[in-house]
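K.L.:
Take this structure first; my questions come after.
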Amino acid sequence: MDFPCLWLGLLLPLVAALDFNYHHQEGMEAFLKTVAQNYSSITHLHSIGKSVKGRNLWVLVVGRFPKEHRIGIPEFKYVANMHGDETVGRELLLHLIDYLVTSDGKDPEITNLINSTRIHIMPSMNPDGFEAVKKPDCYYSIGRENYNQYDLNRNFPDAFEYNNVSRQPETVAVMKWLKTETFVLSANLHGGALVASYPFDNGVQATGALYSRSLTPDDDVFQYLAHTYASRNPNMKKGDECKNKMNFPNGVTNGYSWYPLQGGMQDYNYIWAQCFEITLELSCCKYPREEKLPSFWNNNKASLIEYIKQVHLGVKGQVFDQNGNPLPDVIVEVQDRKHICPYRTNKYGEYYLLLLPGSYIINVTVSGHDPHLTKVIIPEKSQNFSALKKDILLPFQGQLDSIPVSNPSCPMIPLYRNLPDHSAATKPSLFLFLVSLLHIFFK
């Protein structure tokens, strides 16, 4: 028997195993680099920028083509530890990485997910804040803010009121990152409550603020996404697990209904980055003891995986001219779901629209031409981890040079301030709301 090989075989699982401890910057970097080295065919590790103190903002990409976008494969992301003292999400994402890479080729569900999705994972958006926590606390610790004492979840441009704060390096890095990828779906992991919160976080009368809520044109989809996560977390779905705190029916809330906030990241993603993002509050205690981490992983594992799958909801495709040339930067939206910042095709002419099962009219608009309408019917179940594929051929030859490369209709100003007080686009009908709830129930 070859004893050195035997000992090496026994040792490798121990080296590769990720423990349930809090990983500071050095330990987190070591783990991420080891994963990137050992699973180089399905991972790509890169930094999107640096914190105020010069710490790298690491992102690990997991996918069959991790280093670049492939047409038809949607981009998904998880971001955690935006508040440095909210720590559970940071560790859950490290364990999610470990689970994904070690399950590839063994678990058919995970293998299919990696084949069909490009998954971006940022364990810590605020590494300076995490390192600043000297005494972990359930309620508040120095470290929530970044090194310059800015709350990063109040630091983004706001669509409802002017947010004249100094944009921080971590925020700027994320904003630039969002421009480099065609993100479709995202979640932002926090702590201090147990709830899945969906946009809007801020609001005006036109979005329902008079009714203590602020709803997007895609409210049915957002409610479905939030319920998808919460319903698979045994404690979150109770809605009242955190004592002496607000109760959340079924573990879900509209952000504005909970409490309004200015400059939040999930609203910025939805309005300016064409990315549906919700906020996940994962623990009643912001910085729980390490021995609690295994139970947090067990309670969130199924939710984390199922939520990634939702990037395949709805319809996707490319827009072509009559000669088969893809058309970038053209408006592609669903009739009666107009976004205040119109959603546009990427440089490959691709579009991704998250939609629940049903019948919809897609409206494609190119400057100088009549709108092109296409009817689609979204089936009850996505096929093989893929949204319905619907390419759209426009009956003219595209003049690519005349199509703007940026979106002039979407300056980073309070776009909603100029809306009329009552906008049908931002108030989903009661029928649509009930249909979405029935869909969630039967799912």
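Heads up, the Cβ atoms here are built off N, Cα and C, so glycines get one too.
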K.L.:
Quick check on the annotation: Swiss-Prot has His83, Glu86 binding Zn(2+), so which of His23, His190, His227 does it put in that site too?
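P.N.:
For Zn(2+), Swiss-Prot names His83, Glu86; of His23, His190, His227, the listed one is His190.
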K.L.:
Of the residues Cys242, Cys341, which one does Swiss-Prot pair with Cys284 through a disulfide?
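P.N.:
Matching partner in the record: Cys242.
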K.L.:
Among Cys138, Cys410, which cysteine does Swiss-Prot link to Cys285 through a disulfide?
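P.N.:
Disulfide pairing in Swiss-Prot: Cys285 with Cys138.
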K.L.:
Between Cys5, Cys410, which residue forms the disulfide that Swiss-Prot gives for Cys341?
P.N.:
Cys410
K.L.:
Looking at the domain 'Peptidase M14' (21-311) alone, can you tell me the average pLDDT?
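P.N.:
Average per-residue pLDDT within the domain 'Peptidase M14' (21-311): 96.
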K.L.:
Restricting to the chain of Asn363 (N-linked glycosylation site) and a gap of 6 or more, list residues whose Cβ falls under 8 Å of its Cβ, or answer none.
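P.N.:
Asn363 (N-linked glycosylation site) has long-range Cβ partners Ile331, Val332, Glu333, Val334, Gln335, Pro371, His372, Leu373.
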K.L.:
Counting distance between Cα atoms, which of the recorded positions Asn115, Asn164, Cys284, Cys285, Cys410 is nearest Asn384 (N-linked glycosylation site)?
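P.N.:
In terms of Cα distance, Asn384 (N-linked glycosylation site) lies closest to Asn115.
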K.L.:
Tell me the Cα distance separating Asn115 (N-linked glycosylation site) from Asn38 (N-linked glycosylation site), rounded to the nearest angstrom.
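P.N.:
Cα of Asn38 (N-linked glycosylation site) to Cα of Asn115 (N-linked glycosylation site) measures 18 Å after rounding.
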K.L.:
If you run the three-state DSSP split on Asn115 (N-linked glycosylation site), which class comes out?
P.N.:
helix
K.L.:
Closest to Asn164 (N-linked glycosylation site): which of the recorded positions Asn115, Cys285, Cys341, Cys410, going by Cα position?
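P.N.:
Looking at Cα distances from Asn164 (N-linked glycosylation site), the smallest one goes to Cys410.
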